[in-house]
Amino acid sequence: MTKLSLSLLFLCFIILASSSLGLSKSYETKPTKVSTYVLKKGDISIKLTNWGATIVSLFVPDRYGKLADVVLGYDTINEYKNDTSYIGAVVGRVANRIGGAKFTLNGKTYKIVANEGKNVLHGGKIGFSDVVWNVKKYHNEGHNKLSVKMEAKALNKPTPVNLAQHAYWNLGGHNSGNILSNYIKIFGSKITLVDSQLIPTGKFAEVKGTPYDFLKPRQVGSRIKKLAKENGYDINYVLDGTPYGALKRVAVVYDKKSGRSMKLSTNAPGVQFYTSNFLKDVKGKGGFVYQPRAALCLETQGFPDAVNHPNFPSTIVTPEKPYNHIMLFEFSTRPMYN
């Protein structure tokens, strides 16, 4: 397709203290060995691996100061290599789905290898979640907020790029059961409608008054049974605000039992809300077995299948127009609904 240079920077910071893990992926460099890296400030810590640029764990306190790991994951790197659910990984070069495993760009049709029926999901057979990223710099102190910045540059001609961070969040703790009682507010008034294969039709729908309406905080499970045909939430929300503008609010998740709250902001135009519908009997950290609804995903992104829908915000990157995607996660022990 085209040569591509990418970089990924995790930043954890509080006031002037900072920590970072810079990762890059280029088709012209030799990858480093697979390792894990810890960023820590006080009793809050995040562990990452350069296999798939994956978040392995994130420990944050509850209202009583008790720590818990709030992301699903595995105990060993080999388990991440064998994972089929993209747990914790960065997915791409094109996240989400490309319908029919093909698209046309500047008059030329590109056919790519399908890996979900006749469609492509999260980069295809070998996406960015299944490669080793080079670590360019690493500092291991900082925290309170987690910022993920993704950059990409097409080196010779236009190419589609749409990366997403695929952490599975459970604010009660990765081994605490399902997330149906979590409250969530999503700052998106519309969704991109999809067909039976979860491929966008190109049309939009208002969420108000539907099971997709989280404009006010509601429990995740409050109306999920109305989505029996869809098997739960797995849909792209059109975020309110200017696409690819300044950071805007995405969602707030609050676990009433622990008191933990997470607020997400981004400069991307959409977010995929997913309730881990396809997890089943997945043996995770500490031997805990993950089932459907064990976590929720909030994957900020360009719209799915944008390469086949001219009315969607473009996900084409050129040498003159690089890719820049920012996510900011803020954690608290109180609701942050505004």
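Glycine too: its Cβ is placed from the backbone N, Cα and C atoms.
Going by TrEMBL, these are the annotated features:
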- H166: active site, proton donor (ACT_SITE)
- E299: active site, proton acceptor (ACT_SITE)
- N96, R97, H166, A167, Y168, D234: beta-D-galactose binding site (BINDING)
- 1-19: signal peptide (SIGNAL)
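Each residue contributes its Cα atom, and for N96 (beta-D-galactose binding site) and H166 (active site, proton donor) those atoms are 10 Å apart. For H166 (active site, proton donor), other Cβ atoms within 10 Å of its Cβ number 23. There are 23 other Cβ atoms within 10 Å of the Cβ belonging to R97 (beta-D-galactose binding site). The distance from the Cα of D234 (beta-D-galactose binding site) to the Cα of H166 (active site, proton donor) comes to 13 Å. All protein chains shown were included, and the count of other CB atoms within 10 Å of the CB of D234 (beta-D-galactose binding site) stands at 18.
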